[in-house]
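Feature annotations, courtesy of Swiss-Prot:
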MOD_RES   Ala2  N-acetylalanine
TRANSMEM  15-35  transmembrane segment
TRANSMEM  124-141  transmembrane segment
TRANSMEM  147-165  transmembrane segment
TRANSMEM  210-226  transmembrane segment
TRANSMEM  232-248  transmembrane segment
TRANSMEM  255-273  transmembrane segment
TRANSMEM  279-300  transmembrane segment
TRANSMEM  312-333  transmembrane segment
TRANSMEM  384-404  transmembrane segment
TRANSMEM  429-449  transmembrane segment
TRANSMEM  452-472  transmembrane segment
TRANSMEM  485-505  transmembrane segment
Amino acid sequence: MAEEEDVLFQRFAKIFIGCLAAVTSGMMYALYLSAYHERKFWFSNRQELEREITFQGDSAIYYSYYKDMLKAPSFERGVYELTHNNKTVSLKTINAVQQMSLYPELIASVLYQATGSKEIIEPVYFYIGIVFGLQGIYVTALFVTSWLMSGTWLAGMLTVAWFIINRVDTTRIEYSIPLRENWALPYFACQIAALTGYLKSNLNTYGERFCYLLMSASTYTFMMMWEYSHYLLFLQVISLFLLDIFSVEQSDKVYEVYKIYIFSLFLGYLLQFENPALLVSPLLSLVAALMLAKCLQLNVKKGSFVAKIIKVINFYLVCTLTITLNIIMKMFVPHKENGHMLKFLEVKFGLNMTKNFTMNWLLCQESLQAPSQDFFLRLTQSSLLPFYILVLIICFLSMLQVIFRRINGKSLKETITLEDGRIGERPEIIYHVIHTILLGSLAMVIEGLKYIWIPYVCMLAAFGVCSPELWMTLFKWLRLRTVHPILLALILSMAVPTIIGLSLWKEFFPRLMTELMELQEFYDPDTVELMTWIKRQAPVAAVFAGSPQLMGAIKLCTGWMVTSLPLYNDDDLLKRNENIYQIYSKRSAEDIYKILTSYKANYLIVEDAICNEVGPIRGCRVKDLLDIANGHMVCEEGDKLTYSKYGRFCHEVKINYSPYVNYFTRVYWNRSYFVYKINTVISFQS
């Protein structure tokens with residue numbers, strides 16, 4: 001009896017210390033982000049306009065709608081104005097909530113007003129505080145996932161350490177707080193933690209129910225927070241499908257997870273204003289195909305030749321049904337969603353060539369290119385990449401070993417002990433190996449996906465070096481005889497992470513402290529002057545035209561209407577962006593005037609940084625991409641060069657001579673910006 005009490009006490013103490021460490025890690029990371037953000041932007045010493053300028057591009061748009069919700073007389077009125085928004089983009093009414101996934105802003109505005117925070121904290125601090133808090137939950141979820149897989153909270157501590165040290169590659173929170181991924185990925189991390197626990201073979205009934213409920217809630221929330229979430233869940237379903245093939249024992253559990261996806265898609269479709277993108281998504285087609293195939297599956301003796309044939313037929317059936325269902329859905333469901341994404345992928349993988357400005361501009365973005373050598377060097381210097389590769393190889397080979405044993409009809413143990421050394425037989429390990437390979441393969445093509453992949457690299461590497469099972473699997477292969485393998489595995493699972501942790505502390509902790517001590521300065525006086533002039537001098541009904549990134553800042557800082565936005569999920573907005581960018585091309589004053597007046601623009605803003613851009617890669621500057629699209633620059637051999645008799649508009653308009661002064665009158669300028677009033681009555685001067 002006393003022994004049982006001791007065991008229960010030890011287990012409780014282990015869980016308590018682990019939970020305390022997980023929560024503390026998340027809280028410390030959130031506080032670190034807050035302190036670093038203050039040091040970088042000096043928020044507490046700045047005026048509201050100067051704070052808002054720190055939100056760049058699409059981040060400015062998201063935060064501007066949060067401000068609009070707080071200004072609305074009621075929540076219902078605020079939602080209505082966002083869903084029928086005609087005060088942002090000229091000549092266009094948009095459902096901003098659906099198109100931009102503004103559910104985070106709706107929730108943040110409700111919480112701000114419902115909690116009475118208006119008297120305590122400014123709206124901007126409340127907003128970024130929620131995001132930093134979610135990042136703390138993100139880190140806590142990664143901690144728990146690694147802990148569940150390895151059995152020791154030491155793995156969670158190492159996961160957090162690697163995550164923070166490699167934060168340049170794990171998160172974009174430092175550069176752009178309101179991004180959808182910063183709101184969504186913490187819920188995805190919670191979902192993966194719950195899924196990991198749910199897939200474990202030794203979980204009790206209450207644990208399964210808790211994990212299932214947490215998985216359901218986090219899957220749905222993740223889907224609501226980010227418009228691209230269903231693509232990430234699609235990769236997850238592929239991983240679960242392959243797990244179902246390789247691990248017969250988990251078939252029923254995997255089928256229950258499929259129901260979560262169907263429920264989340266159905267609820268998301270209704271609450272996202274009947275979003276057609278969810279109906280035509282590959283996620284829905286694949287899950288529906290898997291559930292249909294499950295209904296048609298025959299019960300035969302496991303390990304028999306017939307069972308193997310049925311597995312192959314089932315795989316082929318699922319693939320065929322998925323493609324068929326997706327084609328049928330696209331035939332009957334009207335949609336325009338993400339057509340530009342397919343075109344981009346065609347060009348990215350060399351399946352098509354284009355001179356289109358938007359496609360080439362996207363290809364030139366650093367986040368959409370292949371990873372650089374610096375990326376791999378950073379991961380190697382922090383010791384993350386070498387240990388990840390080691391852990392992945394051992395788990396992958398062990399998984400293959402288990403698969404071949406199944407193919408040969410050999411029975412597997414119901415309970416796996418440490419002495420067996422078969423880490424690849426655990427269903428949660430099989431899932432994570434497949435998932436990380438899929439994510440890693442995509443991240444090798446598109447660098448921006450590293451922010452999804454690297455956090456799980458941290459988690460998997462930390463789990464591996466802290467897992468006695470992984471070391472035991474390696475020793476089984478090496479047939480170690482000199483030292484007792486179980487004892488050595490237990491020692492290494494404690495010693496290796498301790499040595500890694502101490503080396504990381506010695507090398508990187510002083511750097512983190514130095515970053516918090518250093519006062520950085522982000523100040524853009526030219527943009528502040530421009531926004532101040534607009535608010536004081538421009539008519540309230542004025543419409544501004546310029547680069548999409550600048551238009552986002554104008555919408556946030558002034559509230560004035562603009563002609564375009566830095567959003568890339570709408571074909572009309574993409575076309576607008578391309579047309580407005582023509583102010584940096586070799587087009588006539590009359591052409592530019594017609595383009596701008598077609599969007600009812602009253603003012604044009606020319607940015608000196610774009611007009612005189614000296615980019616590191618020739619052909620990736622905005623003016624080069626425009627010249628290629630307009631045929632004024634040779635892109636490939638055999639292209640026909642079209643000579644333009646006009647100079648570059650952004651240069652010519654500054655000189656103030658006819659015909660440019662007939663159409664445009666300069667009303668304001670500073671070192672970075674030139675503002676021109678678009679004349680309604682054209683006066684021709686000689």
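Each residue, glycine too, has its Cβ placed from N, Cα and C.
Non-local neighbours of the transmembrane segment (147-165) in the same chain are 14, 17-18, 21-22, 25, 29, 32, 139, 193, 196-197, 200, 382, 384, 428-429, 432, 455, 458-459, 461-468, 493-494, 497-498, 500-501, 504-505, 508, 512; each lies 6+ residues outside the stretch with a CB under 8 Å from one of its CB atoms. Of the Cβ pairs linking the transmembrane segment (384-404) with the transmembrane segment (452-472) and spaced 6 or more residues apart, 3 or more are under 8 Å, so the two regions touch. Residues 149, 195-196, 199, 235-236, 238-240, 242-243, 246-247, 348-349, 366-372, 375, 392, 395-396, 399, 402, 423, 456-457, 460 of the same chain lie 6 or more positions beyond the ends of the transmembrane segment (429-449) yet place their CB under 8 Å from a CB of it.
Beyond the ends of the transmembrane segment (15-35), by six or more residues, the same chain brings 128-129, 132-133, 135-140, 143-144, 147, 153, 156-157, 160, 164, 173-174, 512, 516 to within a C-beta distance below 8 angstroms of the stretch. Within its own chain, the transmembrane segment (279-300) is flanked in space by residues 230-231, 233-234, 237-238, 241, 255, 258, 261-262, 265, 269, 306-307, 310, 314, 317-319, 321-323, 325-326, 329-330, 333, 335, 337, which lie at least six positions past its ends and keep a Cβ under 8 Å from the stretch.
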